[in-house]
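**Student:** Sharing the features that TrEMBL gives for it:
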REGION    1-26  region 'Disordered'
COMPBIAS  1-13  compositional bias 'Basic and acidic residues'
TRANSMEM  45-62  transmembrane segment
TRANSMEM  74-95  transmembrane segment
TRANSMEM  107-126  transmembrane segment
TRANSMEM  132-152  transmembrane segment
TRANSMEM  159-181  transmembrane segment
TRANSMEM  215-247  transmembrane segment
DOMAIN    237-381  domain 'O-antigen ligase-related'
TRANSMEM  280-300  transmembrane segment
TRANSMEM  367-388  transmembrane segment
TRANSMEM  408-428  transmembrane segment
Amino acid sequence: MINHEGEGRDLNRGLRPTTIGPHVANPPVAAASAGRWDSGSLRDTLFLVTFLLLWLTVTPFVDLGRSDVLDVNTGGSLATMVASLGLTAALAMFLVQTGSLQALRGVASPALIVTLVWFAISAVLSDNADLAIRRLVLAVITLFQACAFLMLPRDLRHFARLLTIGALIVVAFCYFGVLFLPHLSIHQATDFAEPGLAGDWRGTFRHKNDAGGDMAIFIFIGLFAARLWNPVAGWSLVLLSAVFLFFSHSKSPTNLLPAFLLIPVLALRFRSVWMRSGVLLALPVFLCVITIGSVTVPAIRSVVSSILSDPTFTGRDGIWSFALENTVARPLFGHGFQAFWGTSALVYNWSSIETWAMRASDAHNGFLNVSVMTGWVGLFATLCWVVLQPLSDLVRARDVDADLQLFFMRVWFFGLCLSSFESLLFAVGRTQWFMMTVAIFGLRLQTLSRLKR
């Protein structure tokens, strides 16, 4: 548990314990039972196993040249499920034995509860209810894992150290793949899907955009660690991640990285609620306007076409139009949580005269993806939890560690902006969504711990 209630800070040594969650420093459990689960080695192990299972998965270095690569029902699904359930059970036992379960009550805000309840209603009413319910359960498991993830480190320095070690291991695997397994770590012209990406680095990931997004997050981790744990390790991670990001040719994380780094810093300088909110929301709103707006408002489309060399955003505009049409078709409950894209009704009814968007894996926009899955109500509830709650928590937070708050802000802001181009929100298995959830929960728990003082 990361805690600093009533403790001082040694700025020179970087030993700055801080509070992420509610005050649970003295769990009401038997000392002998808690001692076994409260050891530093077990915390380290659970944290790194969680981190590496999420980032490396049980099937790293996927061969994209295989004809079944697009089949979501092949390749390690059972092993992944078993590993995830085993990890979840271990994390649950840790929370119980260390008396940290009250953290779940802290993150279970009204906005999140309403969102999940509506998602459940949408899933039950879906034409693919069994699929939607199963995937909603997995999404809830991801939320639980993100909360438990925050409870594992003992203090802020421990948190920075574990994050950096995990990230460096993943980056090492990625470079190993590029050097020794290039056919599995660099997009090839022989790839079954998107052969046009040949030459772009992807490391252990399935796609260059996954690699690029995670390298951006690793840069945030490196900067965080350089301040709070080890400058050499932190800046090494920043450099290695930046180089890999460059060669991934992932456009959005690369082009927007300066904004991800600087805008949260600027926002923290303002005390005004409106100024801080305006600074943080300006870019995400702008990105939504030029993306979704380009397929709904002709005037915006004209402006975008005159400014950008690719006003289709690499073909995403067709998918966005298709997603909007299908949201309007079922505006209240949507088509069911993660029960629209890739279903037989779309894939097997596609023909050459139909839009190719029917065969897309998702909406390539987090907000549209939620709306087509759960309707306009689901989107509104999601925005309340993903956007408005973190803004409220940032405004209400007082006397919290500035470096930790900045780290959470960068990850959250990154996810918010990238959701205009990628379907990050509630994307089970996406590490960028996992870290965005960690950031949202972290901001929430920071605020609650201070309100209880």
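Yeah, the Cβs are placed from backbone N, Cα and C, and that goes for glycine too.
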**Student:** Which residues of the same chain, at least 6 past either end of the transmembrane segment (45-62), have a Cβ under 8 Å from a Cβ in it?
**Tutor:** 69, 75-76, 79-80, 83-84, 87, 90-91, 94, 145, 148-149, 152-153, 162-163, 165-167, 169-170, 173, 177, 181, 184-185, 204, 206, 214, 429, 431, 434
**Student:** Should anything in the same chain at least six residues away from the transmembrane segment (132-152) have a Cβ under 8 Å from its Cβ atoms, list it; otherwise answer none.
**Tutor:** 1-2, 20-21, 43, 46-47, 50, 84-85, 87-88, 91-92, 94-95, 98, 100, 103-104, 107, 112, 116, 119-120, 122-124, 126, 162, 336-339, 426, 428, 433-434, 437-438, 441-442, 445
**Student:** On average, what pLDDT score does this prediction assign to the domain 'O-antigen ligase-related' (237-381)?
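**Tutor:** 91, rounded to a whole number.
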